């Protein structure tokens, strides 16, 4: 609010000047023309001439008083001085005397403090000396100026990528061996002995230009890495010509993991469509895949691990790119596969009618969509069956597990008694990759397992609706036979045994007894949902009778598409079981269906006993993949970038798009002046470079790896081939590109384009804490309670998502005492990568010194939290000094801890000035338990109770957790004079509704209220202090005494300065509890200024400076003149968004613009307006005067910005009904407050009923990890929607190479692989239908055929030519 402390100035929420009948109305910024305030009359004020006269009169009176006092002083008779000399101290001698005296006291106190042999009787005296010492320090500190924050640029390690590549000469291994190791990702998961065994089979191959590496018809049984030269990977086009889909440069590889899997499983097939040729003379390294079989024969435990990595690559790389980003669904799966004919068979009974009276049959309809819970319900005999091993622990549980659980588990230093204490094998790593708990006995033995005895203490799971379960009974005669599904009694047992034999045959299980007590027979009614997409607890399903329909949710559409139909004899769910990833489709029984089920934990027990079982399961996955997926497996790369290496540099050619699988990347732009600026950071699941690749523009920024990062690489030629093969991909690309361009256009709708406002053009990219996966915690000193701090933070993070805490003790307990040795670095890196995949965020607690574990924590971190004690002297810890001397690329944040009963933050600037650039400095008010000194056992017992309760969302630790996970909630308060008092009422209602606030900002009166709330964090205390200030604003004498000659302004501003200073004293913005900013208008540079540090009262006053009434405030940093921020941005929600807020609650209290103005034609006479005004019988006209026109011109940019904010998706726009209050109605504080409070209660009550608040607090990554949320780093203001379709649908003509492997007439052969696997499609008659079926079965078959055709499950016609696309 731009006014002085008198009652004649107006608020900063408006600034119109309307001279009317000798009066002038001065609205605040954001206020419009006449009639904005609910029909309120103009506010009279003292004209300039009258003001000068009053000022002159006051000056005359003051002069007369001074003259009178001087005259009276001169008339006082002087007393004669006594005889003799008079001695007196000079002032300077007096100052020196007392100064020396104080310093003597200080030195004596200091020397006495150093003496350690102080007796107990001298302690009171020492306390007095300490108090004197503190008083002396305060006296000496008065002369010092308040320190200001030193402007620091990010260090070179943050903005610059390494210029040198990896030095292979420093390794004792041959260069070609390291070359193969670094460029084939699947080999990176081998341990060193296995990898060296493989490299014995590696050979060199030299190719001339035009020579083929392989072509259709030749075996696909090798991995190729280009050492020098250039290879081209080709696929046949629709006209029989080869189309180059990928250029393989030195360092890249040509391989298909599905082909490797086929060779390992013994189902090798020759190439059908893919060929590779040398574009110029080249040298390649060739590794035959047969070498894998020899290695696995020697190291059988590694077989499961490697197959698992191949499956993970298939799901994460191939499916992520093709389904999540390109929108392909049933094109990824083959619909032609030959199932087994299980029933009817000799010796088995025919189908009979179900027993309707059986208690196991639960009648449900298909419309109800009942779901089968994957578990074991009670046994029909009455004895409870235990659930499968590895039931996940609740996120808030802190019970000591019997084995380390990887899914939503809680670990702490005191909770290591139940952890395995030895090194893990490859199979144990596979267990953890599949998110299965490894028991201590099994992990120690590592040998073959018999069927383990079930733990009788485990509780049975709930009986699923719509499905019943049969568990084989040893004593069948005792039960008298159990009716099941279409069979009864002993018939079910016979079917069960026959089905297990068929399953053992399919999976090549040598010992069928491994299936005993691990296989369950299920029967599902029609319409039952067996498993849903996204489920974590998955199982294997072996269809016996009926069929299971597999559906997948379509991207950007609220519908599911049928991928395929699992017929009798087929396995479903093996991909999710092997990878440990969530299920990527939904299983539904369209009709009654019978199947065998093996839980994930039971399947891993079988694999431990016979590792080769994983080959059969993996082969069933590979056989279901379509030929198109096998082609894309060659084309889509799985690449890695080491920490500090550049993924690409600014100005490079854009030839591909990247998807981050894990790790972190940073984007930096170099301006024309050579200055480098941080654009943003990318985390897991982000899409990079899509706009540049589609528009074929050079790279706009340099992107380098913050830490070791894995990516999926989609080449440009591959994207063109996909568009030719599946034209519907163009729609998805238009959607992706339109999101990026739309985000740019919304930024350009502001008053100034791009970053001219001082705001980065992309909001989410500017948040350094967005999309974090790992956080390292580093102490400043040994006094920091690190264990308690990390546990408190973990407790707060658990409310957002699964969180894992790791320290050196936990690592040694889980992976063995030698886990941190350099020889175990590979295994530790792989295990940590698994933890990042299984958890929302991983906390790394460093040691107190620079140990190998501390170095590992810093290497793995996306962000580093430097934790200090706020009540201690600002110091730089020893570990921090080592950190400053190393090139750490992760962003740093300084976290200061404060006691709950202690004073507020102070001297934050000194903490920050001692360190290099920090991206943030949160203050945390900690509970008393954090600083209590307890033994590890007592601490463990205490936090067991803490973790049993849900974290308080209003605590500072919860606020830090929301910041780290990108779920910040910001509160933005607009300007509007006395109407801004309603902000406090809305704040009170916001507190009562339970909505936390993590960031506060505002303009004008909003900056004042926001600063109070950021300091107090209490609406009640904010109301009390704001009411006192509002009362002072009703004074009349102070404004009169503050009048001056109106050259720059009518008032000097000193009275208003005193009123603001009395509220905030010398508080710094850095010392506020909540992060805070306000907005001012820089009239020196004609730009908006956003203030996040510095003197609080000065920048609040600057944001409330109304033109003409208060002089501009000189910025103490650079001397620029600052005015009211409402002139340019009266509701800065966009600033809060650019600072990383996920949701912005914006409260607007500005007056509404008058838009109903009179039409007067092409010219206007002032005499006519005067007549209309003086004539009481004339119709009133609404025409703005000169002052109002100037005011509207001043607020054009503010109005535009407000409209953009109101229409944005991230902003919750609120406007209380306060239009009936005037700008200077500070005397009506309570009435305005009540209006805001009642309005807030109504709004937030609706939010609570509509579940809006819970959605605000829900982590966005947990809702939809597949959504591309990033605005791309490249912005093209000239790009519009008219040429959008042309950009994304442009298909380059294929390279005119005639393929020797296929003629024009053999196109169908080229586009179909594995013809020997082809069989009847999914619409054929089910082989599993028993003889003697009811006549309605045929009609059901026909009905199912039509359904499958409608859902695109049947084979489609081959796509058209490139012109059709």
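For all residues, glycine too, the Cβ spot is worked out from N, Cα and C.
Per Swiss-Prot, the N-linked glycosylation site annotation among the candidates 11, 1078 falls on 11. Check Swiss-Prot against the ranges 975-980, 981-986, 987-992 and you find motif 'GXGXXG' recorded for 975-980. Looking at 1002-1006, 1007-1011, 1012-1016, the stretch flagged in Swiss-Prot as motif 'GXSXG' turns out to be 1002-1006. The Cα of residue 282 (nucleoside 3',5'-cyclic phosphate 1 binding site) lies closest to that of 716, out of the binding-site residues 502, 566, 716, 732. The number of other Cβ atoms within 10 Å of the Cβ belonging to residue 534 (nucleoside 3',5'-cyclic phosphate 2 binding site), over all protein chains shown, comes to 12. With residue 266 (nucleoside 3',5'-cyclic phosphate 1 binding site) as the anchor, the candidate binding-site residues are 502, 518, 566, 582, 732, and the one with the nearest CA is 502. Put simply, of the binding-site residues 250, 652, 668, 732, the one whose Cα is nearest the Cα of residue 598 (nucleoside 3',5'-cyclic phosphate 2 binding site) is 732. Residue 234 (nucleoside 3',5'-cyclic phosphate 1 binding site) sits 24 Å from residue 652 (nucleoside 3',5'-cyclic phosphate 3 binding site), taking the Cα positions as reference. When the binding-site residues 218, 518, 550, 582 are ranked by how far their Cα is from the Cα of residue 620 (nucleoside 3',5'-cyclic phosphate 3 binding site), 550 comes first. When the alpha carbons of residue 502 (nucleoside 3',5'-cyclic phosphate 2 binding site) and residue 684 (nucleoside 3',5'-cyclic phosphate 3 binding site) are compared, the span between them is 41 angstrom. Between the binding-site residues 298, 518, 684, 732, the minimum number of other C-beta atoms within 10 Å of a residue's C-beta occurs at 298. For residue 550 (nucleoside 3',5'-cyclic phosphate 2 binding site), the same-chain residues 6+ apart in sequence whose C-beta sits under 8 angstroms from its C-beta are 333, 562, 563, 564, 565, 566, 572, 585, 586, 587. Between residue 668 (nucleoside 3',5'-cyclic phosphate 3 binding site) and residue 614 (nucleoside 3',5'-cyclic phosphate 2 binding site), the C-alpha separation comes to 44 Å. Note: the CA-CA distance between residue 518 (nucleoside 3',5'-cyclic phosphate 2 binding site) and residue 732 (nucleoside 3',5'-cyclic phosphate 3 binding site) rounds to 43 Å. Same-chain residues at least 6 positions away in sequence with a Cβ under 8 Å from that of residue 652 (nucleoside 3',5'-cyclic phosphate 3 binding site) are, in sequence order, 698, 699.
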